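Structure, as structure tokens:
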Amino acid sequence: MKKTTRKQKRPLLAILILAVILIVLSVISIGIGALYISPDAVVTNLLGLDHSFEFIIQQYRLPRIILAILAGAGLAAAGAILQGVIRNPLASPDVVGISKGSGLAAMAVILIFPESPVYVLPFSAFAGAAIIAVLLLMIARKKSIQPSSLALSGIALGAVCHAGMQYMMVKFPGDVNAALIWLTGSLWGRNWEEVKLLAPWLLILFPIVCILIPKLDLMSLGDELAQGLGENANRLRFILIFTAVALAGSCVAVVGSIGFIGLLAPHIARRLTGEKAKYLLPASALIGAIILLIADTLGRGIMPPVEIPAGILTAVIGAPYFLYLLKFEARKQ
């Protein structure tokens, strides 16, 4: 009994520690930039006890930090869901092409219809992601397909989408600078408007994810077991993938194509909390938020006032890890 209690406490302790790390990093990150602000000055400002750097913190840095936390958590949760549903450790929104699909659709709105209202972006991004997801589901229905093959199929679809983005930048050069910044994945210039754009989506989707947590554990065990317990496996798979696509699409629409968070975060979380979705999903979301926050902070702090896009830094970390996973899966097979 005591051993069981200890095992249950370990994942909860890991989640608590991750939450504390995220809070501490957020305070530090707010202070880093062309003008350094000490952590104690940040805290006193946030508590309303000091107004020395109020404009910089409240209007420039705080919305950016909140957006990094929201987007990182959303992308990581989407990756954890996809890995559980597809039962593929290589699955993540960017690896299987979902992020590229949403990116292509969002860029079409940015370049072809520049006068479109900003709230159109998440819907267009979701539509693009959904098309890629449907194509992947058609590929995944082949029972003989290996995890590495599905990942490579996603990479191929992503390459096609990326080629489409490059073509649009050549064809519609008017807003190409904004498109390039968005394409690399960056939080530069983001403000409360983007927070207001992304937050409602996540406020709707995260409660849905919480409701679906027991179903995700069921799906990870296989379709036959799910059917035996009275669940419609195909319908459940559709709902879970729909939720993951909506999470990824809304995040990509606002912060651009930031890669590998959906791949890295669930793998790190699995080592800390195990496979149970009730621990894995919140841990993944927290780790995803931490990764994107660190990437954005480093991007601002390495060469101020010049900024390195967060998407470049996540790619530098994530690409070697993806190659390692690809090699590991090939050895298993």
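Cβ coordinates come from backbone N, Cα and C, glycine included.
Not measured: the values here are computed from a predicted model.
What Swiss-Prot lists as transmembrane segment is 12-32, 65-85, 95-115, 120-140, 194-214, 238-258, 279-299, 306-326, and the listing cites sequence analysis.
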Tertiary contacts of the transmembrane segment (238-258), defined by C-beta under 8 angstroms and 6+ residue spacing from its ends, are 67-68, 70-71, 74-75, 77-79, 81-82, 84-85, 93-94, 98-100, 102-103, 106, 121-122, 124-130, 133, 137, 181-187, 190, 194, 197-198, 201-202, 205, 208-209, 212, 215-216, 219, 292, 295, 309-311, 314
Within-chain partners of the transmembrane segment (12-32) [C-beta distance under 8 Å, separation at least 6 from its ends] = 38-39, 41-43, 46, 57, 61-62, 65, 68-69, 272-273, 279, 282-283, 286-287, 289-290, 293-294, 296-297, 300-301
With the transmembrane segment (95-115) as the reference, which stretch in 65-85, 194-214, 279-299, 306-326 has the largest tally of C-beta pairs below 8 Å?
-> 65-85
Using a Cβ distance cut-off of under 8 Å, indicate which of 65-85, 194-214, 279-299 has the most pairs with the transmembrane segment (120-140).
-> 194-214
Near the transmembrane segment (65-85) in space but 6 or more residues beyond its ends, with Cβ under 8 Å, are 22, 26, 29-30, 91-93, 96, 98-99, 187, 190, 194-195, 198-199, 201-202, 205-206, 209, 216-217, 219-220, 237, 240-241, 243-245, 247-248, 250-252, 254-255, 258, 261-263, 265-266, 269, 277, 280-281, 284-293, 296, 310
Other parts of the chain folded back onto the transmembrane segment (194-214), taken as Cβ under 8 Å at six or more residues beyond its ends | 63, 66-67, 70-71, 73-74, 77, 81, 118-119, 121-122, 239-240, 243, 246-247, 250-251, 253-255, 277-278, 281
